[in-house]
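Undergrad: For 29-51, 63-84, 90-112, 124-144, 177-197, 209-230, 250-271, the entry in TrEMBL reads transmembrane segment.
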Amino acid sequence: PVGNLSDCPNGSRWIMDVFNECAQDGWDVASIVLGLGSIGCFIAAAFPQFYQACRTGIMDQALSIYFLLGWLGGDLLNLIGSFLADQLPLQVYTAIYYVLADLGMLSLYCYYRVKNGGRAFPAPINAVFVFLSVGSLSSLSLLGSASTEDLGTFRGRSLLSAPGDEPGPKPFSRTEIIGFAIGSISSVLYLCSRVPQICTNYKRKSTSGVSYFLFALVMLGNSLYGLSVLLKNPEPGQGQGDYVLHHLPWLVGSLGVLALDVVISFQFLAYRKGRPGTLEERDALLGEQDES
């Protein structure tokens with residue numbers, strides 16, 4: 001819906017019309033621009049890994065299945081929270097894309113695991129994979145039919161949120177508490193997903209088959225998101241502490257994941273001359289046989 005500038009004196013008309021967001025000064029505009037930049041980084045992050053997987057053919061060895069499942073779980077909760085909190089269409093569509101990209105990456109992982117003759121997944125992993133896949137598809141199918149009545153104004157991991165009807169600090173509503181809990185669990189899953197990948201890189205002593213641009217774009221996206229939240233002016237009458245508290249789970253998730261991705265970046269530097277993957281080893285052996 002078109003925004004109402006009467007609730008946002010001296011606000012930008014086009015920003016209010018497009019994003020339903022009050023931007024009264026340069027800090028608010030910078031916050032919105034950085035938030036859109038972070039969305040673009042997250043959207044583009046999966047493509048380098050798709051290319052790297054097709055080029056090397058060792059995605060099942062390079063990436064940890066727990067890393068992919070944790071990422072899917074975090075994005076799924078982010079989608080559910082976006083819908084429950086009645087976020088703007090831009091955030092909902094972006095959350096849908098995240099889930100679809102995760103499902104695509106998991107499907108590619110399973111394809112190369114079967115192609116490379118890998119063992120079957122243990123029962124717990126199968127159960128988690130089925131649960132997350134069914135939950136993702138169910139959430140996507142229910143988005144168009146579920147009601148959005150009485151969903152509150154809590155926006156979750158979203159910068160482009162509409163101001164409340166009444167200025168000033170407010171206690172958490174029931175919907176806000178649900179959104180806060182979902183956001184907290186989502187952030188924990190994002191954080192936990194990095195640990196298995198760090199362990200996988202350490203055990204292999206190699207990052208072959210993993211695209212660094214995947215983590216570089218995610219790092220840039222999380223940095224832009226964190227800056228966009230911190231630059232945003234609180235609502236009239238809302239203290240800085242109350243504003244940060246409402247965004248705390250997503251700030252912790254973004255900045256915490258950023259710190260773990262820095263660890264993975266150091267692994268790329270440390271293992272840049274590490275052991276080659278199975279595909280490279282096979283090519284080398286074939287080359288030696290041809291020479292002999």
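Numbers run from 1 along the shown chain.
Just so you know, glycine gets a Cβ as well, placed from its N, Cα and C.
Bear in mind that TrEMBL entries carry predicted annotations, made automatically and left uncurated.
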Undergrad: For the transmembrane segment (209-230) and the transmembrane segment (29-51), does the number of C-beta pairs under 8 Å, pairs 6 or more apart in sequence, reach 3 or more?
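TA: Contact criterion met.
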Undergrad: By a Cβ-Cβ criterion of under 8 Å, what residues six or more beyond either terminus of the transmembrane segment (250-271) are in contact with it?
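TA: 74, 156-157, 183, 186-188, 190-191, 194-195, 197-198, 201-202, 204-207, 210, 212, 215-216, 218-219, 222-223, 225-226, 229, 244.
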